[in-house]
Amino acid sequence: MRLTVFLSLFLGVMVFGAFDQEAFLFVQHLTSENFESALNMCSNQVKAQLSVQSLSNIWNSLKAQLSDFREIAGYEKIIQAEYEIYNFTLKFDRGEISALVTMDREGKVAGLFFKQATKTEYELPDYVDPESFEEKDITVNGLPGKITIPKGSGPFPAVVLVHGSGPNDMDETIGPNKIFKDIAYGLSSKGIIVLRYHKRTFVEKVDPTTLTVEKEVIEDALEAVKILKERKDVSRVYVLGHSLGAMLTPEIAERSKADGVVMIAPPARPLEEVMEDQLKYLQSLGLASNVEETLNILEKLKRKEIPPDEFVLGAPAKYFYDLRERDPASIAKRLTIPMLLIFGGRDYQVTEKDQEIWLKELSGRENVKILVFDDLNHLMISGEGKSTPVEYMKKGHVDKRVIDEIARWMVK
């Protein structure tokens, strides 16, 4: 089975229209196989035609064709007379399918239909100049990757991109958004070599009971830094991490002797504490279920009351204990290399609590820069109002200000 660590951090969701939230919750119930809750959201007419068992049969037939479900990869809304139709793209191990959910005026599910998904093409952000760099295939410890190289004689500064939690591809695709592709193309348009690669848990069938942070993230990141250091067209090497990847970049930089670190939305607290705050936030918006049960598990993890090999919240308990021992702020404090930290003011996953820890440990140092963009969310995409996981289903791009700040900082 593929490992999907339970990190709402890393759950994804959008500021809703009329029934966006209800439609998304219905699909969440369906994809998490909570068929009774899904049926309860349906209109009386639909309930007369469907049962819990029939919903289960429909879902299992999809899995039989497409293997394990992975994520909700995006959606669009269509208004049709008195109905709102939501087209959700569902990603499985062996392909994608569209789930069309029809909502009536009362916010009840009035229809459900599945069809083959149509693939959407990646659109270049305005800040990308595709003529200014070239992209080549590369492998990192056997993992497929890409390296984008500016045109010209060089040498150039270079950076390795380290993913957030879960089985991410090289583009760090979240819904319809490709965070690392935006960053790679944006930075290479400004004279920086960028190396990105598929995360090991994206490529391999991993036994989650044997998973470690070292094997999942750090080993491959160290190899990626080594690859860049051996290139003649590279002047210096940076490590850039997002979310959980940002949490680990100080250790990766220290062990690889990198020349600098960029941390985008880096947690500073233990994972259980970050998840607890996320869960309570989502509960306040009506977007979380089984809250008390999950909070109880998180509390036990904090006290290390769960046996290390016991599987909880998508990972063995020892995975959480391992992360807890890696204190990123303390490691960063002893580093002497330049560091750039970027936060989104609308980020509900990595919050002011984390910012305050980083500020306490690193403020006052001339080679450390900390930026907060008030309108950006966890993905560094701009928006308004409260951020939710469904926001991540809306197509956008990493904000130009983030790209510009990173490029200026690396090139100077």
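Cβ atoms are placed via backbone N, Cα and C, with glycine included.
The active site, nucleophile feature in Swiss-Prot is assigned to S243; the stated evidence is a curator's inference. Residues or ranges marked as active site, charge relay system in Swiss-Prot (evidence: a curator's inference): D347, H378. The signal peptide annotation in Swiss-Prot covers 1-20 and rests on sequence analysis.
Taking the features listed in Swiss-Prot, we show where each one sits on the structure.
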{"residue": "S243", "record": "active site, nucleophile", "DSSP (3 states)": "coil"}
{"residue": "D347", "record": "active site, charge relay system", "DSSP (3 states)": "coil"}
{"residue": "H378", "record": "active site, charge relay system", "DSSP (3 states)": "coil"}
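Each of the active-site residues S243, D347 was scored by how many other Cβ atoms lie within 10 Å of its Cβ, and the smallest score goes to D347. Within 10 Å of the C-beta atom of H378 (active site, charge relay system) sit 28 other C-beta atoms, taking all shown protein chains into account. H378 (active site, charge relay system) sits 5 Å from D347 (active site, charge relay system), taking the Cα positions as reference. Rounded to a whole value, the Cα-Cα separation of D347 (active site, charge relay system) and the residue listed as 'active site, nucleophile' is 11 Å.
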